[in-house]
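Colleague: Dumping the structure here so I can ask a few things about it.
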Amino acid sequence: MTSNPSPHIPGVHAEPSSSARTATGLLAYLLVGLSFGIVLVKSEAASWYRIQEMFRFESFHMFGLIGSAVLTGLVTTAMLRRSGVKSRDGQTIRVTDKEKGWRRYVFGGLTFGVGWGLAGVCPGPIFTLLGAGVWPMLVVLLFALLGTWAYGALQTRLPH
Amino acid sequence: MTELLDFLRSPWPWYVGGPLIGLTVPLLLWLGNKPFGISSNLRHACAILLPDRAKPGFFKYNWRAEKWNLMFAAGLVLGGFVAGVLLANPEPARLSAAGVRSIQELGVQVRPGLVPAELADPGNPGVWLLLAVSGLLVGFGTRYGGGCTSGHAITGLATLQGPSLIATVSFFAGGILSANLLLPLFLTVIR
C-alpha cells in the first residue's frame with residue numbers, strides 16, 4: 001500500500017509524510033467503528049433478546065435488519081465499483097474473493113452458530129457490549145481468543 | 001430538550017439500522033480497500049499476544065498492516081459506551097408477544113438493557129460456563145469458517161460470494177439449533 005515509490009510529477013507537491021497520513025487514516029477507522037457500534041446498539045442487533053427472538057423466528061426485526069443491510073451493501077458496493085472511483089488512498093476498489101470450497105464454511109459456520117445462539121453474541125457485539133458496560137463479555141472475549149488460538153494450533157489437522 | 005433526549009435514547013427500526021450497517025461495506029472499501037469483517041481482530045489479537053516461539057503458523061503474519069481493523073474494534077467499544085451507557089434505552093426491547101413468552105419460559109425476565117441479568121450474574125458458576133463455552137465456539141468457529149456475521153452474512157452476501165452463502169446458512173443452522181435446544185437445556189441445568 002505505502003510501498004509505491006513516490007513519483008516525481010511536475011507541479012505535484014510531495015506527499016505528506018506517510019506516518020501522519022497513517023495516523024489520520026487510522027482515526028477514520030476508529031470513527032467508522034464508533035458509528036457502527038452505535039448502530040449495533042440502537043438497532044438492537046447487540047441485544048440478547050433480539051437474537052433469541054430471531055433464532056425462534058418470532059419477529060421480523062432481525063431479518064429486516066440483516067436483509068436490508070445486505071441489499072444496501074449489494075447496491076452501494078456495485079455502484080462504487082462501477083463508478084470507477086478510486087479509494088481515498090488512490091487504489092482501484094477491489095473485493096477479495098473468499099477461498100473456494102465448502103467444508104470449512106459448513107463446519108466452521110455451524111460451530112460459530114452454536115456459540116452465537118448460546119450467549120447471543122457474535123464478535124461485533126462482544127466489543128460493543130463491553131463498551132456498554134456488560135462486563136461478563138470479558139469472559140466471552142477471553143474464551144473467543146482461546147478458541148481462535150485453538151483453531152490456529154489445529155488448522156493443519158482440520159478438513160477445509 | 002427532554003424530547004430530544006427521549007429521541008436519542010429510543011431504539012431504531014430495522015429499516016434505519018439495516019441500511020446503515022450495509023453502508024459500512026462500501027465505506028471501508030472507499031476508505032482504503034478494507035474488507036469489512038470483525039472476527040479477524042481475534043486473530044490479530046492472538047498474533048500480538050502470543051510469543052514468537054509459541055506461535056502456530058496461522059499467527060505469523062504482519063498484523064501491523066491490519067491496525068485499521070483493531071482501530072475499528074476500538075471504535076465498537078466506544079460506540080457501545082455512547083449508545084449503551086450515555087444514550088441507553090430506558091425501556092426493554094419491544095419484542096413480539098411470542099418472543100416475550102419464549103424468553104420467560106427460559107426463566108429470563110424481559111427488562112431494560114441489552115443482556116439479561118440472569119446471564120450476567122457472576123455469582124452463578126453455570127453462567128461462567130455458558131459464557132466460556134459460547135466464546136470458545138465463537139472464536140474457533142469464526143476462524144475455521146473464515147468470518148462471522150459481518151464478514152460473511154453482510155460483506156460476503158453483498159458481494160455475491162458463494163462460500164459466504166454456505167457459511168451464513170451454516171451459522172444460522174447452528175444458531176437455531178443452539179437457541180432452541182441447547183440453551184434451554186443449559187439454563188435448566190445451571191439454574
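Using N, Cα and C of the backbone, Cβ positions are placed for all residues, glycine too.
Sharing the record's features from TrEMBL:
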TRANSMEM  B:12-31  transmembrane segment
TRANSMEM  B:68-88  transmembrane segment
TRANSMEM  B:126-144  transmembrane segment
TRANSMEM  B:165-190  transmembrane segment
Colleague: Give the nonlocal contacts of the transmembrane segment (B:126-144) in its own chain as ranges (CB under 8 Å, at least six residues past its ends).
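Modeller: Residues 39, 42-43, 58, 118-120, 171, 174, 186, 189-191 contact the transmembrane segment (B:126-144) from elsewhere in the chain.
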Colleague: In the same chain, who gets a Cβ under 8 Å from the transmembrane segment (B:68-88) while lying at least 6 residues past its ends?
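Modeller: Non-local partners: 8-9, 32, 34, 37-38, 40-41, 44-45, 112-114.
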